[in-house]
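J.: Structure provided below as structure tokens; questions to follow.
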Amino acid sequence: MSELGGLFVLKPESVTATKGKDITFVAKVDSSSLTRKPAMKWLKGKWLDLASKAGKHMQFKETYDRNTKIYTYEMSIIKVVDGDAGGYRCEVTSKDKCDSCTFDISKLSPQYLRNICASFRKRVKADAGDLDFSALEKKQEIPKEEVDVWEILKAAKPCDYEKIAFQYGITDLRGMLKRLKMMKKTEPEKTDAFLRKLDDAYSVEKGKKITLTVEVADPDVQVKWLKNGQEIKPSAKYVFESVGNKRSLTINKCNLSDDAAYECVVGEEKCFTEVFVKEPPVTITKLLDDVHTVVGERVDFEVEVSEEGANVKWMKDGVEINRDTAGSKYRFKKDGKKHMLIINEATKEDVGMYYAFTTGGESKAELEVEEKELEVLQSIADLTLKAAEQAVFKCEVSDEKVTGKWFKDGVEVQASDRIKMTHIGRIHKLTIDDVKPGDAGDYSFVPDGHALSISAKLNFLEIKIDYVPRQDPPKIHLDTSLGNKNTIIVVAGNKVRLDVEITGEPAPTVCWMKEDNVLSATEGRVRVDMRKTLCSLVLEGAERSDEGPYTITVTNPAGEDKAELFVKIVDVPDPPENVKCTSVGEDNATVTWDAPSFDGGVPVKGYLMERKKVGSSRWTKLNFDVYESTTYEAKKMIEGVLYEMRVFAVNSIGISQPSGNSKPFMPIGPTCLTVDDVTDTTCALKWRPPEKIGAGGIDGYIIEYCKEGSDQWVQANQQPVEKNQFRVKELPAGEKMLFRVVCVNMAGRSPPATLAQGVTIREIMENPKIRLPRHLRTKLISLVGEKVNLVIPFQGKPRPIVTWFKDGVPLDDKTVGTRTSEVDSILFIRSAERAHSGKYTLHVQIENMSDSADIEIQIVDMPGPPIAVTVTDVWGFNAALEWKPPKDDGNCEIIGYTIQKADKKTKEWFTVYEHNRRPSCTVSDLVMGNEYSFRVFSENICGLSNDAGISKNTAVIIKTGLAYNPAPYKEKDMNCSPKFTAPLVDRSVVAGYAAAISCAVRGYPKPKIIWMKNNMIIGEDPKFLMQNNQGVLTLNIRKPGLFDGGRYTCRAINDLGQDEVECKLEVRGMFAA
């Protein structure tokens, strides 16, 4: 956040301006204490930067005095208008310092001043002399603000400041806040919760961060931060800090939405502030360039600014160019920070000076436009022609807009039926058909407005030839690929074009006929196109009526030729007819229909059926494979629901329109006795319970049967059955039997329900067929360890024999289980292994009829690692790797490899390539001086291999071109005379207690050490112990007495000299005072 400081030496003052007069404001800034040049902004109101209004009406000037280091800034308003009245602010910033001041412009019209002066002059006496009103005319005193306004502001919340300022006419908000801040400093408000409150206002530049800090009385208290009355939650943008008594709110990357009122709440007490976010001026980082071009060329003026989304104002010779005035001549384009002004086609009127203005700068460039010279790209060539030929003079010039005229022997050529002049782009052409001797001469083309002429000569060549006409009989050349009898098969709706090549001299006359009708139209759906040697019959959108024989006849004086073609139109068939339901069951119905009246010209392959519930619009397909019969039994229907059926016919061309809906029908259980199923020895019966049941209820049902023609009824069940169905067994095969059912209760037997006709006891045959699910028609891929459970439905009566095979051999694997019911067969593997991969075949058979289906199962696993990973070459910062595919591919294709590298220093692996398809690669961007190892993982559809193939050798990236030349080693002379680095220190010890004195010495060669007491050498006295540890010398005195006191000296001697130190040792008695 910038620091407020007094930078202004001279501030601009408020004035009262006269409309139509000029005024100038001056501000001076002292830069002696600043590290860089200050930036000055002139603002009107709250945020309007006046730099964008620079021009004839508002001018700015800046000067600098090197002696006093004072910058002088001037703002001049030329010919004041009504809109210039209001509050203004000038703001100066330099790095972390800023200062601002406010001033006002009050407008006083000249007529108002004259009226005031006149009224005063009337009231004075004649001898009072002339009154001087010049001061009144020059300046009008600004009315002072009332004290009540500041009392209102002091008691209001910061969020209400702007509303109050607008109400009382205060335009300078920053000046108002500054004054409030000074007033509150003089009258501090006492509070129990805050030791230091927020400042009244803060200022921050857009994109930077700001920190609001308060000090609270209680270090453990929690505070809330509010923005415009809404509580702020901690986030990456808003960071809360609590250190001791200080509570801080940091706002990161401030934008215009952060310009708001903020509150800090502690319990019931609050403190307020307002944050102002300043937008930095937009500067020009890349200036405009001068442009020199020719008429008609495109001109691009490009300028680059400091921020994306900034506004750039374009001007030409002081006149603004905007989207309203640009029209089609100018285009504006923005690309990030780049702004472009584009002139599509430059003209002489575009010459001038072009300006680009931003809020923080401007740039200008000059445009020069010259006339474009006309160039001849292709000249006219001389021609020599014979009679009746065509003469074409063609030239090409550089400007496609240039027009011109053609001349022959200096006379302008006029267009006629034989002479044509064209102008297409840059090409000008003169065409003369049927050249005659009078056309010979000099031809020239003269462009309009250019001193240029392009000339050529036409020479006429006259040749006399005796012409004998040639005669060849006409002949029709048919394409031999049309097949037998020249039959052409066309799908209805397609376009037919029969191209027939014709020869003959003179050109023969062609006649197309269909049966007895002549086809001669040259336009329309059926037409004849004639060329020089090719005649075509065109049928647009072939229809059924176009089918039939066509004849082409060609004649000329030399003869005649004739050919016949047959056009056959094929189409989708008509819808099936007469769709009806013939019988219904409890959950099924039998539907029949008639074949379509027209099969489309090709045989009908079969039918597709759909059904829907009455009242619904959704049709459900009943079969996906083509059904060949015209009788179909629809199953799995809901009893008691009305259904409708429709049928589609299918041939090789496509599917017909749907047939008409059948009459609604309802599956319902039989109200009387019906046959449900028949085999060679049994018969299954179903019936409905009685419509009326007496008070005695029903104990059960008795089923009886007898041969047709006999009245000997045999009871099939010994005990009454409670269910409404029963299978009668042990019936004689081939006999026709009658059945009846009676109800039994305590009152006796009911009247019997009897079949209307006899039932022949024989097996109902149904061909075996496997309904292979769609997802099993392609290869089934499963992972090792997963479960495999395949359910395959089939049909057939009697119950077919089901057999499973694997790879053509009967399935005999205990890990693969199978289970078969009457309608489906299940193959399951509890834990799949790769050995289970292969082709499984399900075979169903009834007597000599059978069906089979193949299922491909592939069990896959993770692949093994690649083998023989080798570094084959090393160059520069690159290494080439090669390897061989893994021995174990996991029973599926290897789809890629992943390569990783690791240097010998860190031994950390990093991925270089993923999904590399080839068994080789080149690793780049290796670091000089490192040695690398590589490893490769193989990958299939299961994923990467568990282990990796590691390279047998390494890649060493050698440092090239670098050689270290060390400075010659100079051995240092270590010899030196003894010198004590730590002296002996005077000590005072107690008698009877061990004492020690020590010092430190250096020297080479190692010096000899001599200890002395009172200048007497201490010999091998056991009372003294002398030690030398790496140059640290210590003299230990065991239980010193009073007589051991004195002056001790340590002397060090070698060949280069000697040195000594001494100290005084005082020994005190044990009871000394």
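Cβ atoms here come from the backbone N, Cα and C positions, even for glycine.
Annotations in TrEMBL come from automatic prediction, not curation.
Here the structure is a predicted model, which means the values were calculated and not measured.
Relevant sequence annotations retrieved from TrEMBL are reproduced here:
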type	residues	note
DOMAIN	188-283	domain 'Ig-like'
DOMAIN	372-444	domain 'Ig-like'
DOMAIN	474-566	domain 'Ig-like'
DOMAIN	575-671	domain 'Fibronectin type-III'
DOMAIN	672-764	domain 'Fibronectin type-III'
DOMAIN	768-856	domain 'Ig-like'
DOMAIN	865-963	domain 'Fibronectin type-III'
DOMAIN	978-1066	domain 'Ig-like'
J.: Would you say the domain 'Ig-like' (768-856) and the domain 'Fibronectin type-III' (865-963) are touching, if the rule is that at least three C-beta pairs must lie under 8 angstroms and be 6 or more residues apart?
T.: yes
J.: Looking only at the domain 'Fibronectin type-III' (865-963), what is the mean pLDDT?
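T.: The answer is 90, the mean pLDDT of the model over that range.
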J.: Tally of helix, strand and coil residues over the domain 'Ig-like' (188-283) according to DSSP?
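T.: Grouping H, G, I as helix and E, B as strand yields 3 helix, 50 strand, 43 coil.
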J.: Looking only at the domain 'Ig-like' (474-566), how are its residues distributed among DSSP helix, strand and coil?
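T.: Once the DSSP states are binned, the domain 'Ig-like' (474-566) shows 9 helix, 56 strand, 28 coil.
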